[in-house]
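Working notes for the structure below.
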């Protein structure tokens, strides 16, 4: 400001470059006050209007994350050039305002390479694969220039299919020499399940062209495919070849252990980090917290967190996320969120997504609504998509499908997770037809379905009896979407076919599928056999379940009921005796109610609570009030008819 004051008297006579130099200084320092003062002096001065200077004012406000001021300044430019558009476009993309970026891009008279690359990066970050590929195709049709960033952005956006084609484009256009493209190919092939192709791309990168990112991508790829030993071998090879091992590399190795849920291997690597004095680094700390949390070692995760002297927002978020992964620790997740605020950190979209997830586990709609309100009042550095996704899941788990639907409809922007959350909500609440309609809308909108999408879709088909449609969706996973069906998808198909009574197909699938059905699959089959009276296959399913857990009382009950329904009383009595001899007892059902921000659990026939009489009186009063309201409503209807 002193600099501005000392020169303000000469501004009316100063040439354009004087403003330019001062403005560049303000941009470099993120000096909003100085830049605003400079703009006021510029407006009052006799210096002719300059698009060049105006562009830099747009850049200043963008860097200071004041999008409204940046847009206002842009709108005041009489003749904006492509740099004007690119400056504002980059600001929108940086703040994840993709819908605004798309609208602005459409207004650019002659977009250049920077314009295209900026929007491509937005599509890639938002997971909008179809839009990214469409924009790239437009560039090729019009003969637009492209560089390594162009292709790497499109490759990074791909979820399953199309990677081979982009790989071929990179080769034919001579862009494969860009290491950024190779790095993106390694990551994308790995995400799509093609580890061999990822390794081939990595091996073909000349050793002198590889950078630390190349090694990190390959280490993470091995971790994603549960190849922890290969990840460690690669890490050691990286060190031997003289590459700098930074904290991101160490965090990548931790990712390998996390993907494997390898607690013991991760603990040994933790010991190596302690010897290297790296365990208190923020990136490494976050990786360790994530590892221990996903291995259900929450106390170890908490210990690592507490050892970091000055945790940053990412580490706080990782700890909150860790608590949210374990139902019993969800309350601690809420406390950690409050502790983060007391420490002076402003929650971001990730913070809210994690704490809302913890709230979902508590089935606490009141606290969820309070977090929703707080999220609306908070200015995010990013958009609300991830928060909306978490809220949809929370409202659904709390039984409030209406608010989940309302939130989804009002979302200005959606990604595949948004659709997955809402499709799952419909399916879990018994609205299978709505779930399938939304799936079709998802595909039509260009949001690529994921493996999680198909779990909900196949379940919806099972609950609505759409067997042939479910079979088509199952077959299309690999042929149309490049998704290899996993164990959950086969279990959904077993459930779908079992409910329809198509037991010959169920038996064939179980014998040919690459997985054992496990408790969930056998239980679904047993339940369907009981419903349809298919004794032979039901007995087989029950035997498999009891091999896994001889003390599972539910299996004995279902088996005896199946025998009873068929009039096979001797087998029923034998099943009951076996249950009694093995000491299997059926767990009682439970309900819960939220009172004063606390969730109270009530177990069937449990009278052990010291205040049980008061509880029963209160519950009895509530039930009587509900009954009276229903009777009054009935009287009003009768009176109206009379």
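Note that Cβ sites are derived from N, Cα and C of the backbone, with glycine treated the same way.
The feature repeat 'PPR' is assigned by TrEMBL to 112-146 (among others). Within its own chain, the repeat 'PPR' (112-146) is flanked in space by residues 82, 85-86, 89-90, 92-93, 96, 98, 101-102, 105, 153-154, 156-159, 162, 173, 175, 385, 413, 415-417, 446-448, which lie at least six positions past its ends and keep a Cβ under 8 Å from the stretch.
Sequence-remote contacts of a segment are chain residues at least 6 beyond its ends whose Cβ falls under 8 Å from one of its Cβ atoms, and for the repeat 'PPR' (211-245) they are 179-180, 182-183, 186-187, 189-191, 193, 195, 198-199, 202, 205, 252-253, 255-260, 262, 265, 269. Here TrEMBL flags 211-245 (among others) as repeat 'PPR'.
The repeat 'PPR' annotation in TrEMBL covers 312-347 (among others). Computed over the repeat 'PPR' (312-347), the whole-number mean pLDDT of the model equals 92.
What TrEMBL lists as repeat 'PPR' is 384-414 (among others). Here the repeat 'PPR' (384-414) has Cβ contacts under 8 Å with residues 96, 98-99, 126, 349-350, 352-354, 356-357, 359-361, 363-365, 368, 372, 375, 421-422, 424-426, 428-429, 431, 445, 447 of the same chain, all six or more residues outside its ends.
Feature annotation from TrEMBL assigns repeat 'PPR' to 415-449 (among others). Within the chain carrying the repeat 'PPR' (415-449), a Cβ under 8 angstroms from the stretch's Cβ atoms is held by residues 126-131, 134, 159-160, 385-386, 388-389, 392-393, 395-396, 399, 401, 404-405, 408, 456-457, 459-461, 463-464, 466, 469, 481, 483, all 6 or more beyond its ends.
The DSSP breakdown of the repeat 'PPR' (450-485) into helical (H, G, I), extended (E, B) and coil residues amounts to 29 helix, 0 strand, 7 coil. What TrEMBL lists as repeat 'PPR' is 450-485 (among others).
Non-local neighbours of the repeat 'PPR' (312-347) in the same chain are 282, 285-286, 289-290, 292-294, 296, 298, 301-302, 305, 354-355, 357-359, 361-362, 367, 374-375, 378; each lies 6+ residues outside the stretch with a CB under 8 Å from one of its CB atoms.
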